[in-house]
Amino acid sequence: MSYIYPLFVIILISTVYTTFLAFNLIPQINAVNSEDTGNYFYTPSEEELYGVLVSFHLMFFMLMSCFVLASTSSPGYIPRETSEDRKRWVDGDFEISDRDDNQVKEIIQNTDANLTDKNVISWLKSIVILERKKQYGYYRHCSACNLYKPDRTHHCRICDRCILRMDHHCPWISNCVGHRNYKFFLLLLFYAIASLCFILGGMARRLVYAFRPIVSPLILTVRTND
């Protein structure tokens, strides 16, 4: 059932796209060279119309691209446990070997250490670095995943995974918002708001012209009564 909300979003965006294109842009493009447009039909210039057409499709493309990327990109999962990980959990603590601990201390204390050396970089990437601890000194541990939890990592009960820098689980994209797709989610919100403002702005003048047959007699009546 997780696909229902994204499907609803796709249908909604498609409806708005079709409505704006079929009932606003295309009729105005067809009416550019027509003289019988009526007194209450706003017809912009041909250059303005094609500028709006290109801008609208560009914004719509960016909106859909960000939606797809936010929905399909990994939010930043903690790697699944291995048999070696299970062996290293002891009484809720993650034991780091004394050899690794001593080597880290040597690198920190040695001001002349070459941190750009490929061997040093490869070794640093291979060890587990944990920062935050619980109240009693134990490292943070996810009982559901049986994994250590770095800072700002939270377990999503819907995805059943631990997510780096988890913000929330968004049902509209059927995905968690985390470290790896946070940018796509923010861009999705930006282009959604920008597209809405663009569509409202693109239809505003025509909407004003469309209501003139109703508004003009009312204004005339008020002036006559005065």
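Note that Cβ sites are derived from N, Cα and C of the backbone, with glycine treated the same way.
Residues or ranges marked as transmembrane segment by TrEMBL: 7-29 (among others). Beyond the transmembrane segment (7-29), the same-chain residues lying 6 or more positions past its ends with a Cβ under 8 Å from any Cβ of the stretch are 42-44, 49, 52-53, 56, 60, 63-64, 67, 172-173, 195, 199, 202-203, 206.
Sequence annotations record features per position, and here TrEMBL assigns transmembrane segment to 49-70 (among others).
What TrEMBL records for 139-209 is domain 'Palmitoyltransferase DHHC'. Per-residue confidence over the domain 'Palmitoyltransferase DHHC' (139-209) averages 86 (mean pLDDT, predicted model).
Taken from TrEMBL, the feature transmembrane segment covers 184-204 (among others). Through the fold, the transmembrane segment (184-204) approaches residues 16, 20, 24-25, 52, 55-56, 59-60, 62-63, 66-67, 69-70, 73, 167, 170, 173, 177 of its own chain, all at least 6 residues removed from its boundaries and within a Cβ separation under 8 Å.
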